Amino acid sequence: MIGASERRLLVVEVGLVALAALLDPRLAMILLIWFAGWTVNTGIARSGTRAAATAVPVIFGITVLILWEAVVRLFDVPGVILPAPTAIASAFAANAPTLWTDFVQTVVKGALSGYLMGCIAAFAVALLADRFDFLRRGLLPVGNFMAALPIVGTAPILVMWFGFDWQSKAAVVVVMVFFPVLVNTVAGLADSQAMQRDLMRTFGASYWQGLVKLRLPSAMPFIFNGLKIATTLALVGAIVAEFFGSPVQGVGFRISVSVGQLALDMVWAEIVVAALAGSAFYGIIAFVERRVTFWHPSNRG
Amino acid sequence: MTDNTAPISGQGAGVGRSARAALRVRALGQTALPVLTVVVALLGLWYLACIPMNAAQSVLTASRAGIEVMPESPRDRRGMSGAALALANPGPAVAGAFAQDRPRLPAPHQVAIELWNSTATVSPTSNRSLVYHAWVTMSATLTGFVIGTSLGILLAVGIVHSRVMDMSVMPWAIVSQTVPIIAIAPMIIVVLYSVGVEGILPKAVISAYLSFFPVVVGMVKGLRAPDAMQLDQLRTYAASRAQTFFKLRLPSSTPYLFASLKIGIAASLVGAIVGELPTGAVAGLGARLLAGSYYGQTVQIWSALFGAAILAALAVGVIGVIERVALRRMGLR
């Protein structure tokens, strides 16, 4: 069944394609791809099934990729401005070992180790702040303030202190993830209701029992929120810190060097690596969150 | 009551004073005192850290000046950590820690003096002025921020009104939050340069796309904030889609808008600063950071860093003030 409004839209689309064909057949081709993808998606989206929720964004992504490829090929866009997706894919395949060493250098050594250290440190300070209310009232505003500042700017200082290798990147990551995790953990630990805390007191629970059995579990959604924000920040910190000096490997190093050589297919391949690493990192934390906070309303039903 | 020494927090506190003043004073103890303590403690730690961090240089200076230092030969000293060196030579290490020309860690007052010298004592148009560099960065930030937020709001409006758009674009907008998209900043600068676009526009493009996605995600949430009951009520009024949008969805999205604007402006500033790194830009806070790290001008790096922090705080603060005024006028707070 096609409604009247869809029919009108179809007429407009056909008209646009025809008009474009008169001006430039290539333009008509591009428009055709776009409308085709959009029409397919409109059809699937109407079904409203669970499969549609994954199919629609995937089809949209594929449409954009085909469009990108078509634009580059039809209009002969030079590779130093925008390489085609196929060129990026072949650069990715051809340089897989290099990309892997870059991944290990930036993501595993720099981002991951810094992430662990920063989160543990933030968590420890948050526990201290939870124990001493005076500290909490002082740290929370300061932490909130710091979390909004451009902390990436500390990169040149930390590179100067810790050298060019991954240690300095890890240090930047520590500083970057510290405040979001701290603020979220402190806010989470304060989140339990007075009634619940009173209940713990009637049970004669000690401070530590109250912390472990009540306040830590109820803080988990907040803590994971901070941990998830920190995943992206960790990668940003590790990559940007490499712009200030690094050994001859690493995602940020390769991006800045390849940009200088105008090897944009390599730059895009590194961006793919960074994107995959970022989504995987986030996905892992989100997965753990679902396992840990299975009781939370947002994870039920 | 004439006794001014009565405790402010005890029973009957504030009697005989203006209630508002009493509240202020009590709020001072609630937040200002702890915050102040934390800030002072951090400054103290900073000063303390200066001693071991700068120990190598201060001990070297002292030994050149003929003062006896603990390991006599420079070769022995080279292997030692800053803390060990400072413990071995407490006198020279403390004496030389806070006034070096190129310290590893400049003391807070050195940074403050440099900030003052580079803002207040030089003309704002000279390239030695931090105000000039801040303005270069800020103009790109604001341009990009305005473009990014406008496009973000437009896309959010589209997403809320079109189911296909929602299902196609929204997952990608969310994924983009997990990806370090700032990594494409150097490429944008170089590609735009090669097609002849220079000046603040490339940096603004980076600022725009960094503020774009948080605004999309926040605004979609905001425009969907009205619950089914409110939407149903507008339907009983026979309100059109446009009326529903302007009279219900847009007003109820305001708190979300400001929350995402604050995230957006901070991200924009980071984008503009990072955008200045790859091309070796001559002006801007990022350029100051880079130049400082090339020439080992640590005090300059720190003052540029604090300049950026002040700028970010100002920008977020301005949005916060606008938020408070707007929400109060709308009766939301």
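Cβ atoms here come from the backbone N, Cα and C positions, even for glycine.
Annotation comment: TrEMBL describes A:12-36 (among others) as transmembrane segment. With a threshold of 8 Å between CB atoms, the same-chain residues lying at least 6 positions outside the transmembrane segment (A:12-36) that come near it are 63, 66-67, 70-71, 74-75.
Under the heading transmembrane segment, TrEMBL lists A:48-68 (among others).
What TrEMBL lists as transmembrane segment is A:80-100 (among others).
Annotated domain 'ABC transmembrane type-1' per TrEMBL: A:104-289, in sequence order.
Annotation source TrEMBL lists transmembrane segment at A:112-130 (among others). Within the same chain, residues 136, 139-140, 166, 169-179, 181-182, 185-186, 189-190, 211, 215, 223, 226-227, 230-231, 234, 237-238 sit at least 6 positions outside the transmembrane segment (A:112-130) and bring their C-beta atoms closer than 8 Å to a C-beta of that stretch.
What TrEMBL records for A:142-164 (among others) is transmembrane segment.
As annotated by TrEMBL, transmembrane segment applies to A:170-190 (among others).
With a threshold of 8 Å between CB atoms, the same-chain residues lying at least 6 positions outside the transmembrane segment (A:222-246) that come near it are 105-107, 110-112, 114-115, 118-119, 122-123, 151-152, 155-156, 158-159, 164-165, 168-170, 172-173, 175-177, 180-185, 187-188, 191, 252-253, 255-256, 274, 277-278, 281-282, 285-286, 288-289, 292-293. Feature annotation from TrEMBL assigns transmembrane segment to A:222-246 (among others).
The feature transmembrane segment is assigned by TrEMBL to A:266-288 (among others).
The recorded stretches the transmembrane segment (A:80-100) and the transmembrane segment (A:266-288) share 3+ CB pairs below 8 A when only pairs 6 or more apart in sequence are counted, and are therefore in contact.
Residues 83, 88, 91-92, 95, 99, 102-103, 107, 111, 224, 227-228, 231-232, 234-235, 239, 251, 254-255, 258-259 of the same chain, all 6+ positions outside the transmembrane segment (A:266-288), place their C-beta atoms under 8 angstroms from a C-beta of that stretch.
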